[in-house]
Amino acid sequence: MTQAPPSPQAEGRKLLRLEARNSETPIERKPEWIKTRAKMGPEYQHLQNLVKSEGLHTVCQEAGCPNIYECWEDREATFLIGGEQCTRRCDFCQIDTGRPKPLDRDEPRRVAESVRTMGLRYATITGVTRDDLIDEGAWLYAETVRQIHELNPGIGVENLIPDFSGKPDLLAQVFESRPEVLAHNLETVPRIFKRIRPAFRYDRSLDVLTQARDFGLVTKSNLILGLGETREEVSQALRDLHAAGCELLTITQYLRPSPRHHPVERWVKPEEFVELKDEADEVGFTGVMSGPLVRSSYRAGRLYRQAVEAREGVTA
């Protein structure tokens with residue numbers, strides 16, 4: 001789950017029926033373990049000053065991600081592409097739904113230059129779903145990866161993509177840009193999937209990962225806890241993801257962005273996240289990050305290196 005900055009378009013518009021129902025439940029009080037301490041190392045402080053002086057934009061900073069201190073210290077950052085509005089609505093997501101502005105074809109170049117200016121070692125690219133476009137935004141996702149690689153030789157790039165309606169030709173276009181990691185987030189379990197992600201399909205999301213695996217890419221996904229799933233359903237989702245070809249996994253606690261979003265059904269204790277990591281390791285994932293404040297791009301470069309080491313071990 002990659003957070004995005006609040007969309008100004010969401011302010012003042014009429015609430016959807018679902019949003020009105022969600023708003024009847026007050027924002028939940030967070031438990032004691034949902035907090036982080038700011039550890040501002042030299043790399044973080046350097047990037048913070050650089051981003052401010054150069055007028056750069058990252059999801060990390062604009063969404064107030066709790067992991068920004070660790071990720072920036074590792075010279076890792078996440079960028080949102082495709083605009084501020086998404087053509088689909090997921091009940092956990094902070095990005096507003098609506099009619100996006102025309103595609104900005106210069107965006108890949110600007111993102112690549114931001115990556116170079118920041119001197120990043122690893123960059124994650126994520127963005128909105130663009131069902132309004134013939135190619136659903138496939139060119140944009142692919143071109144951004146290409147531009148980053150061209151301008152920043154040796155950098156790792158993670159491409160966190162929508163499902164592109166599961167169309168093999170669109171997915172292949174994205175795969176051919178050869179990101180170090182191809183990520184597509186499953187997010188939740190089958191029983192509540194349609195309620196939480198009505199424009200996506202559980203099986204189709206798994207198939208996106210399978211197609212990426214078959215193409216030869218390192219694959220990654222995310223599960224959000226606290227949306228109404230059961231522990232047994234999470235275990236099954238782990239097995240489904242691994243069977244689909246997913247190698248890397250992040251598991252996180254749902255934090256409600258606003259009253260119009262899905263209420264938090266439960267606060268998962270830290271020890272359960274530890275248990276789930278152990279279970280995912282046993283299932284066969286090559287890299288797992290599991291914790292209340294983990295996000296899908298958290299320590300992304302470290303997870304990628306684990307996948308590379310695992311693959312090298314198999315071929316050695």
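Placed from the backbone N, Cα and C atoms, the Cβ positions cover glycine too.
The [4Fe-4S] cluster 1 binding site annotation in Swiss-Prot covers C60, C65, C71, S297 and rests on sequence analysis. The [4Fe-4S] cluster 2 binding site annotation in Swiss-Prot covers C86, C90, C93. The annotation domain 'Radical SAM core' is assigned in Swiss-Prot to 72-286 on the grounds of sequence analysis.
Of all Cβ atoms in the shown protein chains, 32 besides its own fall within 10 Å of the Cβ of S297 ([4Fe-4S] cluster 1 binding site). It is 20 Å from the Cα atom of C90 ([4Fe-4S] cluster 2 binding site) to that of C60 ([4Fe-4S] cluster 1 binding site). For the pair S297 ([4Fe-4S] cluster 1 binding site) and C93 ([4Fe-4S] cluster 2 binding site), the Cα-Cα distance reads 15 Å. For the binding-site residues C65, C71, C93, the largest tally of other C-beta atoms within 10 A is found at C71. Taking a C-beta cut-off of under 8 angstroms and a sequence separation of 6 or more, C60 ([4Fe-4S] cluster 1 binding site) has the following same-chain neighbours: N67, I68, C71, W72, A77, T78. Its Cβ placed at the centre, C90 ([4Fe-4S] cluster 2 binding site) has 22 other Cβ atoms within 10 Å. On a Cα basis, C93 ([4Fe-4S] cluster 2 binding site) lies 14 Å away from C65 ([4Fe-4S] cluster 1 binding site). Within 8 Å of the centroid defined by the CB atoms of C86, C90, C93, the record's [4Fe-4S] cluster 2 site, lie the Cβ atoms of R88, R89, F92, Q94, I95, T97, V128, T129, excluding the listed residues themselves. Residues belonging to the domain 'Radical SAM core' (72-286) score a mean pLDDT of 96 in the model.
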